[in-house]
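Student: First the structure, which I've put down as structure tokens, then a few questions once you've had a look.
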Amino acid sequence: MHVRIRTFGKPDSVVVVESKLTKIEKFRRIISEKFDIEPKSQRLFYGGKLLEDGYTFHDYNIKLNDVIQLMIKVQPVDSTETATQKVNHEQNNKTKSNSKVYQDAESDLYLVGDLVDTKDKEQGTWLEGKIIQIVYDPETLSTNVSHETRTNGDTEGTSVKEDDHNDAPSIIQNDKNAKVTKASITNFFSTRSRTKKQNGHKSSESNELKPDRSVLYKIQLDDDEEDSDLYCTEKEIRPRARTVLEIKDLKIGQKIMVNYNTDEPLEKGYWYDFKQRKQARSNRDWGRGMACVGKTKTCTMPPNHFGPIPGIEVGMCWRFRIQLSETGVHRPPVSGIHGRDVEGAYSIVLSGGYEDDVDNGNEFTYTGSGGRDLSGNKRTAEQSCDQTLTRENKALARNCAAGEVSEKGGDAGDAWRNGKPVRVVRSYKMLRHFPKYAPSEGIRYDGIYKVVKYYPEKGLSGFRVWKYLLRRDDPNPAPWEPNAKQYSIIYPDGYLEAEAEKKKLKEKKSKGNKGSKKQAREPNNSSDSDCKVSPPKKKRKVSNEKLNTEKSDDPKKSPKKKIASIFNVKSPNTKNTKINSNLLTPEEQDAIEADTLNSKLWKECLTVCHESGKKEFIEQVTQAFLCIICQDVAVNPITTPCCHNFCLGCLKLAFKSNAKCCPCCRRGLQEPPSSENVNEQLRAALRAVMPGYDAGKK
């Protein structure tokens, strides 16, 4: 997967992303490596949203080749006055820290000279050190002294009140049957004196200093040569860990440390507390691959369209399956049959997934779907039960001109051309079985076929399968015929740039790893004789001329050049000469010329057709006659006096909202739209260029 990064005043640049589950913070690091911008200074925007850390590309629905806006935060430059103030403040803090007077203390847990592990407050790592002094914390010492003076003052004031309270007159009991006694009443109202007596025993305990809060330990780290000024609390130190455990010796409930290097994972790093969070059932990264990227384009043709797709020529080839869905040739990204059991099948894919398939080019035997156990998120499996004539199998049977669908099968005979057309696509995976008719790379559109017959039969697996005999019925020559047009493979937008970027990253990593050998993190228990390593072999210096001759003579030694050659692929038909105007049929040309109201738009589309081809012409037509309200090609188009085209239904909705003007340029419109205002010439031209574009639409 790849995206485009856009900055102000610079062209878009392609950035490679591993998966749709890539975190935003990881993406910031990728940008910092490529553009040398610190992650803290990056502000990323997509779809009007500010990308925040902790989320993934999937959360923001970022798709293939989408544009992400990058803005750089301007860091305020410190003036000379602020810089001097900072220096003075730091010096004052140093003098304050140096002026602190530490009093020696004793601890019940540690002694001076004990070997301990101390925790780094910033990184959370554990470092080895030694206790060189135990002192009282001056801050807690001062607070305890002030608290002690306050409590002494309070006791003097309360003692007078207690004496007064003791001299109070006693309460006389009048009722002999009363349950409440004089002692209980006096105790009820004398809560202050009672609590004071209880707290009197604890007053001595409160004056004592607690070791966990008031005692500091001065630590001298083993790696520091200079005198240490590091004071730690009791929670920040613990006895030094000295036991090395193997993975097989670990037990539940043990508190252990692990060594990890965040920068170089294969080298020795720092020690951390090992904490294991609750893990999900599966940590599989499903966001990789083109199938998970999703569609970036949408075909304007309805999904239930039978026959060829306008602008798609026989022999066109795409690199990935998801591109077929974008062009409308075959909509499902995984399923081999696209259809409905009540209408029929619109397209199928020949990929060699069933052992009963037989491909003879203009005629082939296709095996139905089903009869396999695909539980557990499986893509494919072996045949495990009989196939049934339902769903996609029934849909493909409806394309046969044999009457009603029967469980016994059907044969159209000589009337096979009367059946419904099926778009057939062949995949490069057929090279293993029938290489004569399969494309060398990608997925190729081979034209229109029709179902001659369908019948159940016992397959090679021993289970019953449904088979379909399809025969080619397309006026255009097949791609394997000598007079057929040859098209270069079509890649997704920005795919070649992303592949070139991946290649650069691989070369950079390989160069960096040539000179350095990674050391294993496991302890070396071998003897000195075993640790001897043979000296590195010296490479002979070879002149550049010899290298060039060797590369030219031995092309087999560098098979990666084939990968590089795809970046310079040029279509055999894309020559400097303009394409002839006979790409359009006479009926299409007459329909276009009849639409005089949109002659300017049609001229722009025809220039694209003459320069680029039929496919680009269809794309230009869809953009030129797009209804800005529904963002689709105008159905029952109405051309306004200002030469803007809208759907009849969309313009009616605009008038209902009291907007009696053109939705595009706000020019006033006097009459409300009706079916009489439909531009019949434009509708006929659009139907001629894109047959069936308005099927099922109102």
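Glycine is no exception: its Cβ is also placed from the backbone N, Cα and C atoms.
In case it's useful when we look at the structure, here is the feature table from TrEMBL:
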COMPBIAS  147-167  compositional bias 'Basic and acidic residues'
COMPBIAS  202-214  compositional bias 'Basic and acidic residues'
COMPBIAS  505-518  compositional bias 'Basic residues'
COMPBIAS  542-557  compositional bias 'Basic and acidic residues'
DOMAIN    1-73  domain 'Ubiquitin-like'
DOMAIN    307-472  domain 'YDG'
DOMAIN    627-666  domain 'RING-type'
REGION    143-176  region 'Disordered'
REGION    189-214  region 'Disordered'
REGION    503-567  region 'Disordered'
Student: Short question: which residues 6 or more past the ends of the domain 'RING-type' (627-666) have a Cβ under 8 Å from it?
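Tutor: Same-chain contacts beyond the ends: 300, 597-598, 600, 621, 672-673, 675, 677-679, 682-683, 686, 690, 693-694, 697-698.
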Student: Tell me the residue counts in helix, strand and coil for the domain 'RING-type' (627-666), as DSSP assigns them.
Tutor: 9 helix, 10 strand, 21 coil
Student: Do you know the DSSP helix, strand and coil residue counts for the domain 'Ubiquitin-like' (1-73)?
Tutor: 15 helix, 24 strand, 34 coil
